[in-house]
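Enquirer: Below is the structure I would like to discuss, written out as structure tokens.
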């Protein structure tokens, strides 16, 4: 029999756990994945191209191939820049047109200044040759200086409108893209998610949408302004003298060739970088979401290395991209300076030939200077546009995908009066992601209306597939599912799902209140629109029916209690009961219970099962169960084996047949020794217990002040709780978050990331300084050139000679700039990508270093931390690499330019320099505002990204509740709030940006007016004047450019502070600390001495109250009791996930809080309820149990044999090399659990901790695995937490917990004879043939 995975939909983790996923050919699938990832195909499906899909599905008949193809195929969208604006509204486009015109008009201001400059040059020559009087000269000078002031005012207004406008439109359009993307994600069929990592969705919705926003916001305005400057400058040049302008225009062709050639590589590299980061994001999401597992096994180092594999790939492509941009910028500068040389050389010839005058040449040359210089401002933005296009292609490929099974579609019929008869007719099913495995073959089954049908069978037999097909998560490849005789494919999908309520094994709650979580069950029902009062009554009634009301009322905020992300503040049993209340609140026609009580303890299960039995009366119910005691009373029990129906009938009929069902029953039977006590008495006792729990007031059940036995249950689950040794945590948290760092501290901190590159970085700084000195040198050449062209006709011979010399100097300067700019680009590419690589790697390691308390904080949800890794590290590059090089370069320009100006004309230079502090102040003030804005804005995007991540990772729950619309409304609300906040902030900061950019005109007005006066009086000659003015123009422009980087610098400062905070956080339980005694050998005595413990999230409610417990070496003890009584907390404290409030936990008489935590944990092994596997092979996952990368095969085989998984692994084509998929999605729950057990056994631990280790297994697997665990426990101290009491009968001592204390202990037989709590629990779980 082919063993296939059991549970496709039990865990809403975004990478759906496919019950079909026998890893039989996972290696082929993975090689396909790798192939396509390397090609850089679209985001989610690793095999979305038609060729790849056809190859994978080639072995299937054509009609089956088509059905699977529809569920997997993703269109390959060829995005262009225009595609990014596809969601712009008419108003957006009108606004865009206005702000574009403003940007273009702002760009024309500088070329207009060249006209004034040329005119003044002619005037200066006239006064020098005494052609005009001093008064006439003064009048012309004053008038032209005022024109400069008017130009400055116009520039200020236009730049302000442009900057605010583009940021607003960019944010508005990106907001729509974010919403459309999430909307598209929520419409996809589940097969799409089987190929998608949850981390990828987070990366797309945060990092990639941010890239789009960056590419369509203020950078568009800056680019349009630069291009406008370029073109208007050349137009002015052509108008003044077309021949010279035409010759200078030849450089445009050279620039286009350089930009065009290099940008192809830039786009490709950008795309490949994003692909690698997406894959890394998936790994990070896997690890962070299962942090307790990683902590218990000490696998942080191995998992960090796995993450780094993807980071290295991203670094490689990122370096290529940055290097190409550096070379492109160097080439542009070389072309620009060569153009000056060409212009002077040809201009001198035309002047000597009498074809033009000095005024026109100066005008044209200056226009070419400014026009060519402005094109340099376009180059840095090309990366942002290229990244935006790459990100857009990925996002739009998902948005454009037409889902094969679309819950958002209005197509399909509805049935007026649903009766609830379900029929599976000739069903054959293959999961799209595992086309090699047939999960169901020839299934014919009728589920009569109003009756309860139970599905049982071994793990992976196809039971949960029935739920998947009825909910239409998948389409079968042949056959049909009928509801009241209608094929469900013809029915409207949303309507269909609204007729069905699903409770799955691992329920998903949403990060809102208990009341709102239950209310979600009313979506689409007639009761949805009732009054608030009626809805409240329904919700309370449903909670009572699900045995949840009492524990809810015991919580401080009752129904208004926030359950935390995915319900993490509640225990498994509590979450399950809320999920049941949610399912029954709408009084559905069809109820699907996919192991609905498996997470409950026996006490809760008895009552909830009674509630479910009552709830299922009169409605069609399909129950999937491993625990057979829950389905004895079903109208029909269907036994499914290997994807086919083996037998069906009632409990009694099947027991009489003595077939597969009886084997399952025998495997689960508890051998009670009850003497002569009759069965009737036993049943009577059970009924009494149930009625007692339902009717006795909550306080008396709990003997005193703590209402309901589950008051602390919300605090009792190891995999969900906040932790730290005392309530001081809340104060410590506020201190952490309030820590402020100075700019110097942050710069030193970021520089630390580039320590290994410090030598080549110094070279980079050297080249940046040389590049920066280029412009002041060019100012000297320019002033010399103009002076040369001012010579009278009598000296035209000298004029030609000097012009040739200075033209050659320009050519030399161009070559030097080519070398220095390119070298700087290459060096900073290496440095900045290394910085991003180390920042991601170290911050991931810093996260993994943290104790469990850190991950329990609401702001540290999986989505938020994954988003932090993808977004914030990118922002750090705002003070590294290319940006830092450019800042150093333009700072050098400013300093050298002003120094040269002072050296040649100190009076004029001092007047001009007096304006520079104002320029700097404008820029730095804007930088400060943006840093503040960034801190606020980031929080909002983090919460919306975290929300989107939560919704997509719970996609099956969202789909079955038809909650898509509600998710979208909340998400859009969060985006709208963010947009309003950011607009106010941008409106302020843009004032300063516009001021800093337009202030140069006021400087020029002052410089011309004052310098002209000096020249008119004969104090300065033309060379001094032109040199000072030229230096000031470029100097002040450089200052403006520094501050155009301040958005990046603002983001970087905010990001650096977050990183510093993370790195500075030293956890109380620190895995990196060498402190504490190291244990060489362990005997295995565990003691709890008067342990008190409570979680800081609910500091007012104790979890453990004076726990005293001793486990002797080699002893097997079991902890049982109601949900939330502190059993799993005990395991958590043994693992030292948390420290106790008072009292202590001791091993061999030593307080574990004084031991070295790594050394101590190396002697423990944990097998928890939800097994966690990571991407990689089966062998990799088993080896995570030890800290070595390689072990002899014999040891690996022995561990797997002991866990009863060896034979299954060897039956796979690739054996131990089989890839398990994201979160082990290629395997069934049972298979994953056995690999997790092998991982625990390979450690050869002295202490074995089993937290409901067999609860995910069916009876058949459980029996064998339990035998393996029993064998493994020999010679080891073993602590087992169990709901299923059959698994712990053989324990040396069984401790019964209640309210954080031990109320009873002894062996199985002793406790049965006592007829106390344990006896009640056993009684309720006993499975006997009904008489």
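Yeah, the Cβs are placed from backbone N, Cα and C, and that goes for glycine too.
The following feature annotations were taken from Swiss-Prot:
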type     : residues           : note
BINDING  : 457-464, 1121-1128 : ATP binding site
DOMAIN   : 97-387             : domain 'ABC transmembrane type-1 1'
DOMAIN   : 422-667            : domain 'ABC transporter 1'
DOMAIN   : 764-1051           : domain 'ABC transmembrane type-1 2'
DOMAIN   : 1086-1324          : domain 'ABC transporter 2'
CARBOHYD : 293                : N-linked glycosylation site
CARBOHYD : 529                : N-linked glycosylation site
CARBOHYD : 737                : N-linked glycosylation site
CARBOHYD : 860                : N-linked glycosylation site
CARBOHYD : 1108               : N-linked glycosylation site
REGION   : 1-51               : region 'Disordered'
TRANSMEM : 93-113             : transmembrane segment
TRANSMEM : 147-167            : transmembrane segment
TRANSMEM : 219-239            : transmembrane segment
TRANSMEM : 242-262            : transmembrane segment
TRANSMEM : 325-345            : transmembrane segment
TRANSMEM : 358-378            : transmembrane segment
TRANSMEM : 762-782            : transmembrane segment
TRANSMEM : 810-830            : transmembrane segment
TRANSMEM : 884-904            : transmembrane segment
TRANSMEM : 910-930            : transmembrane segment
TRANSMEM : 995-1015           : transmembrane segment
TRANSMEM : 1025-1045          : transmembrane segment
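Map the listed features onto the structure and describe their local environment.
Expert: When pLDDT is averaged over the domain 'ABC transporter 2' (1086-1324), the result is 85.
For residue 293 (N-linked glycosylation site), the same-chain residues lying six or more positions away in sequence with a CB closer than 8 A to its CB are 299, 1166, 1168, 1172.
According to DSSP, residue 529 (N-linked glycosylation site) is assigned to a helical segment.
With a cut-off of 8 Å between CB atoms and residues at least 6 apart in sequence, the same chain places 854 near residue 860 (N-linked glycosylation site), listed in sequence order. Residue 860 (N-linked glycosylation site) falls within a helix when secondary structure is assigned with DSSP.
The Cβ of residue 1108 (N-linked glycosylation site) has 12 other Cβ atoms within 10 Å, all protein chains considered.
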Enquirer: Quick one: do the transmembrane segment (242-262) and the transmembrane segment (147-167) have at least 3 Cβ pairs under 8 Å, skipping pairs fewer than 6 apart in sequence?
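Expert: Between the transmembrane segment (242-262) and the transmembrane segment (147-167), contact is absent.
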Enquirer: Quiz question: given the binding-site residues 463, 1127, which has the greatest number of C-beta atoms lying within 10 angstroms of its own C-beta?
Expert: 1127
Enquirer: At a C-beta cut-off of under 8 Å, are there same-chain residues at least 6 beyond the transmembrane segment (762-782) that contact it? List them, or none.
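Expert: Same-chain contacts beyond the ends: 333, 337, 340, 365, 369, 806, 809-810, 813, 816-817, 820-821, 823-824, 827-828, 831, 885-886, 888-893, 896-897, 899-900, 1026-1027, 1030-1031, 1034-1035, 1038.
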Enquirer: Which residues, given as numbers and ranges, are at least 6 beyond the ends of the transmembrane segment (219-239) yet have a Cβ under 8 Å from it?
Expert: 99-100, 103-108, 110-112, 114-115, 159, 162-163, 165-166, 170, 245-246, 248-249, 252, 363-364, 367-368, 370-372, 374-375, 377-378, 381, 384-385, 1044
Enquirer: Quick one: give me the count of other CB atoms within 10 A of the CB of residue 1125 (ATP binding site).
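Expert: I count 30 other Cβ atoms within 10 Å of it.
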Enquirer: Sequence-remote contacts (6 or more beyond its ends) of the transmembrane segment (93-113), Cβ cut-off under 8 Å?
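Expert: Here the qualifying positions are 85, 148, 151, 154-155, 158-159, 161-162, 165-166, 168-169, 220-222, 224-230, 232-233, 235-236, 367, 370-371, 374, 1001, 1004.
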Enquirer: Any idea which of the recorded positions 461, 529, 1123 has the thinnest Cβ neighbourhood at 10 Å?
Expert: 529
Enquirer: Residues sitting near the transmembrane segment (147-167): Cβ under 8 Å, six or more positions beyond its termini, same chain?
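Expert: 95-96, 98-99, 102-103, 105-106, 109, 112-113, 116, 216-221, 224-225, 982, 986-987, 990-991, 993-995, 997-1002, 1004-1005, 1008.
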Enquirer: Under an 8 Å Cβ to Cβ limit, what residues of the same chain, 6 or more beyond the ends of the transmembrane segment (810-830), are close to it?
Expert: 318-323, 325-331, 333-338, 340-341, 344, 757, 760-761, 763-764, 767-768, 770-771, 774, 777-778, 781, 880-882, 884-885, 889
Enquirer: For residue 1121 (ATP binding site), which of the three DSSP-derived states applies: helix, strand, or coil?
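Expert: Its secondary structure by DSSP: coil.
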Enquirer: Name the one residue among 457, 463, 1121, 1123, 1127 whose Cα is closest in three-dimensional space to that of residue 1108 (N-linked glycosylation site); these are the binding-site residues.
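Expert: Closest by Cα distance to residue 1108 (N-linked glycosylation site) among the binding-site residues 457, 463, 1121, 1123, 1127: 1127.
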